[in-house]
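Colleague: Below you will find the structure I want to go over with you.
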Amino acid sequence: MLIAQNWVTGLLGHANEGWKVPSSDLDSGYVRVGFETEGYWPIPETTGPLVFGRVETIEELTEFKKPIRHCHVNVGDANGTGELQSIVCGARNFKEGDTVVVSLPGAVLPGDFAISARETYGRMSAGMICSASELGLADKQNSGIITLDPSYGEPGEDARQALGLEDTVFDVNVTPDRGYALSARGLTRELASAFSLTFTDPAIEPAVAGIEVKVPAVEGSLINVELREETKAIRFGLRKVSGIDPAAESPFWMQRELMLSGQRPVNAATDVTNYVMLLLGQPMHAFDAAKVTGDLVVRNATAGEKFETLDHVKRTLNEEDVVITDDNGIQSLAGVMGGLTSEISDTTTDVYFEAATWDTITVARTSRRHKLSSEASRRFERGVDPAIVEIALDIAATLLVEIAGGTVDAGRTLVGDVPAMQPITMKVTRPSELAGVDYSAETVIARLEEVGCTVAVSGDTLEVTPPTWRGDLTMSADLVEEVLRLEGLEAIPTIIPTAPAGRGLTDAQKRRRAVGHALAYAGYAEIIPSPFMDPEVFDVWGLAADDERRKTVSVLNPLEAERNVLSTSLLPSMLDAVKRNVARGHNDFSLFGLQQVAFEHGSGVSPMPSVASRPEESVVAELVDSLPNQPLHVATVGTGNIEFEGPWGKGRAYTFADAIESARAVARAAGVTLELANADALPWHPGRCAALLIDGTPVGYAGELHPQILEKAGLPARTCAMELDLSALPLVENLPAPVLSSFPALHQDIALVVDETIPAEDVRAVVEAGAGELIETVELFDVYRSEQLGENKKSLAFSLRFRATDRTLTDEEANEARLQAAELAKEKFNAEMRG
């Protein structure tokens, strides 16, 4: 949150006379009570003569393309002559008699903009009438000239101090659980704790903010408001101001606080609502009362209902969105943004101020659903104090009458009660037990009361009732946190615990790490697949309706509307990564990912037990049963070349064989042996897909992806992939170390003629088994077909490497092992040895 230093120090200075600290100390104060600052910066400096002026005459110059005004401005004796200053200006939002801010020749404005006397538009211009953006108070959107009440200063007096140009803006990082701190009220409360100051709550005593509330005693209701239970809304209030001057502008002091907090001044009524929000943390909305017809109903929208918000976007609503409606239709998207139909305009004379307390989750979902984050929604989704609806309405009404005239109606609509805060029981010694620091009972009680809690003491037990603005305090651990942070986290000693003996990675963790290392060593780059996916990808793949991968688990509050289920396969995310990389000009790469997937399992409905104590075993069992099945999968994908052309020879494309080899690398790292079999499984090519088996049970697939699926998805042709259920592999606790031999190896080849239908992998496995203990490796290096071999016949040539661990092998021993392998192949497949 952006907030000016002078605002918070001014609020604190009301009860702590003379208190003032440097910006660096204020920054440290925020940090001391647990609030980081993203940074702080002074308002850019203006040097040279910057004075108040009074516009005496305005000459309209109409002979130019845009309207130009030649002004004579009274700047007193600041120009050295006492004569009126001649200034040419293009702004239109000031008139004769207005008090303005003038930079005279010799002044240098922010951005090194030097002011000098020069002729422009045929007139001499000796100075500039300044806007807020030119003085560094706002961005270029706030380009209007600053017009002031004459009480700010006489013509010729220095304007810096009166305008508050010697100030510093802080950007305070407010965490989601501390919504109360998105206001001057919340931040000054924290700073009072940081500097041991007296805090006066502006919601109780508005005088600390310079506001004297003047509203008539409440007599009756304004209009009827129906707050339907389905909306989960807590409170709703209305107050009316009638007969305001629609041309009135908010005063500079208010505009200044708004601009330094990142808000854009709009009109008097809107500026008042934004100021009250920044002061108290209560978002408000101003309706043009003339455009509101009949009673108001706060209800859930009908699916498909249309509504145009203040940002001129026509939105299609969801049945979970909460709306405020009158007889004419929807007037506001509750807690997020108002509508155009009842917007404050330059003809508005009667205003309804609305302040409410909305359900945090409902507002958060609506904001995310419509991609519409506003200052109001940021506060409502973090929690707003339900007890300040009345004072917010009264302050807003008071300020608007002061600014724009009119009267506050005696009627007030208020629906809903302030919810009772639930007391929390805590041992007074609990903070000391958790922090390892001795906190006295007096310290614990004082810190909790400083937060705003009511504390009842019974022996060594405290019954703590949180204040209405601290909805985040729900259990004793929250109270402990408050004591620790206010006493100073730096007071807690850093003690490294002694590691228990015999602990380390589990066997499953070791396997996961080994698999990751093996694939990285094989040249694959690791990515982190998304745990969410779009289920429509399975329609593109053409999966059957009963395919296991369609048993997805829906996400109630998805980050993206399209990716609304938990992934049952890593391939959709892996292929998205391929598509992104190819779009960026990377065409040759191979990736791998290790991630859990989730399959629907059990009841699917999780109970919501209290976190105050350990739930019963039956509840734990119900929780476990409701969880989805979450096996660990590993996947690889490759496209383009795996070897590049160069002086060493031609390059080689990544093929389905490489995808299968990646599965073998996983198996070796896991200490198991995979069996291969031909398979027809989507999204793979039916003729270039291998099933990965353990004891005859499929645990995954590898191969080239189906060309039609690749085309539909916009992926490169011949992209290959592998996915394997790592959790389905038997866990080998202690992988056997490889046997190393210092004796030389013998190499022999064998070629076997078999039927075309027999897989080469099956023949390879039989050759390895038949060769006995002396065989070290069996590798297929050639497949040959010809008329001489016969129809539906093929020749498979294998390279055999033999080695003994205790001696040098003879050719006779290797030949005998080779012949034994051929005999077993003949027995199993009727294979004939060639050559």
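Heads up, the Cβ atoms here are built off N, Cα and C, so glycines get one too.
Sharing the record's features from Swiss-Prot:
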BINDING   Asp472, Asp478, Glu481, Glu482  Mg(2+) binding site
DOMAIN    44-160  domain 'tRNA-binding'
DOMAIN    419-494  domain 'B5'
DOMAIN    741-834  domain 'FDX-ACB'
Colleague: Within 10 Å of each Cβ, count the other Cβ atoms and name the one among the binding-site residues Asp472, Asp478, Glu482 with the highest count.
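Modeller: Of the binding-site residues Asp472, Asp478, Glu482, the most buried by Cβ count within 10 Å is Glu482.
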Colleague: Using all protein chains in view, find how many other C-beta atoms are within 10 Å of the C-beta of Glu481 (Mg(2+) binding site).
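Modeller: There are 18 such Cβ atoms around Glu481 (Mg(2+) binding site).
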Colleague: Taking the centroid of the Cβ atoms of Asp472, Asp478, Glu481, Glu482 as the Mg(2+) site, which other residues of that chain lie with their Cβ within 8 Å of it, listed in sequence order?
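Modeller: For the Mg(2+) site, the extra neighbours are Asp177, Arg470, Leu473, Ala477, Leu479, Val480.
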Colleague: Any idea what the model's mean pLDDT is for the domain 'FDX-ACB' (741-834)?
Modeller: 92
Colleague: Let me know the DSSP-derived helix, strand or coil state of Asp472 (Mg(2+) binding site), please.
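Modeller: Coil, per DSSP.
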